[in-house]
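First comes the structure, then the notes that go with it.
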Amino acid sequence: MCAAGAAEAAVDPVASAFAAYGHYLGLVLVVGALTTERLTVKANMSEDEEQRLVIADSVYGIAGVLVLYTGYLRATEYGKGWEFYAHEPIFWVKMWLFTVMGSSSLFPTIKIIQRAAAKAKGEVEPMSEKLANRITKVVNGELLAIGSIPLAAALMARGVAYAPDMSWQAGAAPIALTSVALGVKYVKEALTWEEDTA
């Protein structure tokens, strides 16, 4: 842990502060965008509501990239150092939660893009109850994941469960598998989505 403290002290404090600020700003934007999606999505949305959903999902995507990039900087350049995070199981739990959130978002994002493209061609149907319910369930899961990340971060930062003998591969493998499995699942579900026929 002394090495982690030394790594933290050796960095540029201004750059470190901006990386932290970008990370927190990204998280606030993710929560705001997801909350907007959750409160907006419903069957038979108005044009304004559909547009709000497109904007919220776009903000969510950009904010997610900001969180990922600044998180990378904090883990490798401006935090306790990679040697600390690589051996911290709760860091990998936090990354897993972020992966679940990001992979799950593929379903709503694809459906929102498909609907926006259809609207541009004048071919969009009102959102069905079935699709609205499915998007709502996915967004609820994303909110649960993002809501769990601060607890994981607080535990991680305090070195809870730190395991110096743990390899980074043991932490990264479940994340890679989850990313692929959920990514395929949600993309396939979005692209093969069928509405109930009367």
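Each Cβ is built from the backbone N, Cα and C atoms, and glycine gets one as well.
Feature annotation (TrEMBL): of 92-113, 136-157, the stretch labelled transmembrane segment is 92-113. Same-chain neighbours of the transmembrane segment (92-113): 37, 41, 53-54, 57, 60-61, 64, 67-68, 71, 131, 134-135, 138-139, 141-142, 145-146, 148-149, 152-153, 156, 170-172, 174-175, 178-179, 182-183, 186-187, 189-191, 193, counting only residues six or more beyond its ends whose CB sits under 8 Å from a CB of the stretch.
Outside the transmembrane segment (53-72) by six or more residues, the chain places 19-20, 22-23, 25-27, 29-30, 32-34, 36-37, 40-41, 45, 98, 102, 105, 108-109, 112, 116 with a CB less than 8 A from a CB of the stretch.
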